[in-house]
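The block underneath contains the structure these notes are about, expressed in structure tokens.
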Amino acid sequence: MNRHHVHSYHNWYHAVSTMHGSFLLLTLAGADEFLNDRDIFAILFGALVHDVEHTGNNNDFEVKNNTSLAQKYSRSVLESHSVSETVSMLENPNLDVLKNVNDEDRGYIMNFMEEIILATDVAHHGETTESLRNLVLSQHDDTDSIKDPFFNKEDLESRLLLGRAITHAADISNPVHAKFEVAKDWCCRVSVEFSLQAMNEKKNGLPVTPYMDGLETGVDIAKMQINFMLFVVNPFFKVLAQVLPRAVCLAENAIVNTDCYREILATHLLTEEKNDKSDS
């Protein structure tokens, strides 16, 4: 818990939320049917530690500032650091959750965990989404019907793809929460981190990340989140629901919550219109 810094979003609660989301996808969505016990452990533990020692900034900020982490890791800076810190923690006998696991299983779990943690880098979002889409396309036969299941428990690459998809989905699952007020609270939390990064970019004379700047009101945040939903969240959970049909509720929640943000904008515009009429 001490390895998760006190940020508004990237903190211990996000770590637990990601692990819980992974658990729900494994159980309620039925993903565990296509994974072995080692995979499942790696996914749950990997979800818990995927943002260990997160700085509250994104990888681009670390690279642009040439931070000590950016100098140390050549790819997926923050995710690589989380993996490295997890390995370091496990070297402590009092923290080693794998101390009773044999060397073969330990190596497998650590490799699987590293793969899925690195896949949480948003830079890999498009790759993961496209891999799932290609999987759907490959399962269509000449009659355009879908052969089920999509994943093969006997194939390591298949299990790794599912592991990456589960962890990434859980990592960005806050916008698809069944209760919009919870989703909105997480959105406000990450917006605080975005605003701080934009402020530091200006302070350091660096190019400012456009979507992180100007998040001063609920309306500004709603506009930002609608774009995130339409271009990142909704397409991903749509294809996830195709390969894990029992996760369709998440894709449905994405649509509902997007409409809720649209309602915030509509209410704001209506209020502005009324104020303009009263002023004239």
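Note that Cβ sites are derived from N, Cα and C of the backbone, with glycine treated the same way.
Where the annotation comes from TrEMBL, it is an automatic prediction and has not been curated.
There are 16 other Cβ atoms within 10 Å of the Cβ belonging to TRP12 (AMP binding site). What TrEMBL lists as AMP binding site is HIS10, ASN11, TRP12, TYR13, HIS14, ASP51, ASP171, GLN225.
TrEMBL lists HIS14, HIS50, ASP51, ASP171 with the feature Zn(2+) 1 binding site.
As annotated by TrEMBL, domain 'PDEase' applies to 1-280. The predicted model assigns the domain 'PDEase' (1-280) a mean pLDDT of 94.
Sequence-remote contacts of a segment are chain residues at least 6 beyond its ends whose Cβ falls under 8 Å from one of its Cβ atoms, and for the signal peptide (1-31) they are 40, 43-44, 47-56, 85, 89, 151, 162, 166-167, 169-171, 173-174, 186, 189-190, 192-193, 244, 246-247. TrEMBL lists 1-31 with the feature signal peptide.
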Notebook entry, point to check: Looking at the binding-site residues ASP51, ASP171, which one has the fewest other Cβ atoms within 10 Å of its own Cβ?
Noted result: ASP171
Checklist line | Cβ atoms near TYR13 (AMP binding site) (within 10 Å, other residues, all chains) | finding: 12
Next item on the list: Using C-alpha atoms only, work out the spacing between ASP171 (AMP binding site) and HIS50 (Zn(2+) 1 binding site) and round it to an integer in Å.
Entry: 9
Notebook entry, point to check: Around HIS14 (AMP binding site), how many other CB atoms lie within 10 A of its CB?
Noted result: 21
Checklist line | Residue pair HIS10 (AMP binding site), HIS50 (Zn(2+) 1 binding site) - Cα distance, angstrom, rounded | finding: 10
Note to self: Out of HIS10, HIS50, which of these binding-site residues shows the lowest number of other CB atoms within 10 Å of its CB?
What the structure shows: HIS10
